[in-house]
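Asker: Here's the feature list from TrEMBL:
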- His51, His99, Asp188, His192: Mn(2+) binding site (BINDING)
- 28-106: domain 'Manganese/iron superoxide dismutase N-terminal' (DOMAIN)
- 118-218: domain 'Manganese/iron superoxide dismutase C-terminal' (DOMAIN)
Amino acid sequence: MALLRSIAISSNKTITLARSARSLTTATLPPLPYSYDALEPVISGEIMMLHHQKHHQTYVTNYNSALELLHTAMDKGDVSAVVGLQSAVKFNGGGHINHSIFWKNLRPVNAGGGEPPHKKLGWQIDTDFGSFNALISKMNAEGAALQGSGWVWLAFDKELKRLKVETTANQDPLVTKGATLVPLLGIDVWEHAYYLQYKNVKLEYLKNIWKIINWEYAGEVYEKEAQ
């Protein structure tokens, strides 16, 4: 994350990038906290298996490769190579970060998935968006309108002390939209997240995914960061 933050905020500062990169270790694919078919019928077991084992694993593999090349370039003092590797580190590292959050944002219905947020997060949603349903409508609209591939996020702005809805393109992590933004909930709107089941009807996928959102996790992150 430190390296991605340096790339997002100070992409022209190679020294900052290099210092951050030296402290990083390779990434590993996290296990899912539920079985591949546990989110059915909202998301099929086939989609979840491919999404986790193929797509997320590819981001991890490519990130680790890019990181190894980056370390080698730094050892050689090859500034051009260091700069040239930034996009690969950002894309694949972002893919790993985003998906690691996404898996935690989902929960089977029989384990409490889809239960609306309560306590402090629920109150903050009402304050900043008017109602829980208004937030869902806003995120669905922005996710559906996102051109190409990307993510739609519910974020907490630590500086402004309020919730925001943001979108990011491709695998850009939320930090690219602001250093003070903390991801509470991210919804993957790449086609690989839904196409096998929903075809080209992205909005239907967005409407259904709220049935399996893990609001307990989002609430825990919010309460920690809002202190």
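Just so you know, glycine gets a Cβ as well, placed from its N, Cα and C.
What TrEMBL says about a protein is an automatic prediction, not a curated fact.
Where in this structure would I find these features, and how exposed are they?
Answerer: The Cβ of His99 (Mn(2+) binding site) lies under 8 Å from the Cβ of His51, His52, His55, His56, Tyr59, Asp188, each of which sits 6+ residues away along the same chain.
This prediction places the mean pLDDT of the domain 'Manganese/iron superoxide dismutase C-terminal' (118-218) at 97.
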Asker: For the recorded Mn(2+) site formed by His51, His99, Asp188, His192, name the remaining residues of the chain with Cβ within 8 Å of the site's Cβ center, in chain order.
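Answerer: Near the Mn(2+) site, the remaining chain residues are His52, His55, His56, Phe102, Trp190, Ala193.
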Asker: With every protein chain in view, how many other Cβ atoms are within 10 Å of the Cβ of His51 (Mn(2+) binding site)?
Answerer: 23
Asker: What are the DSSP helix/strand/coil residue counts across the domain 'Manganese/iron superoxide dismutase N-terminal' (28-106)?
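Answerer: Residue counts for the domain 'Manganese/iron superoxide dismutase N-terminal' (28-106) by secondary structure: 58 helix, 1 strand, 20 coil.
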Asker: Rank the binding-site residues Asp188, His192 by the number of other Cβ atoms within 10 Å of each Cβ and report the first-ranked residue.
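Answerer: The largest 10 Å Cβ neighbour count belongs to Asp188.
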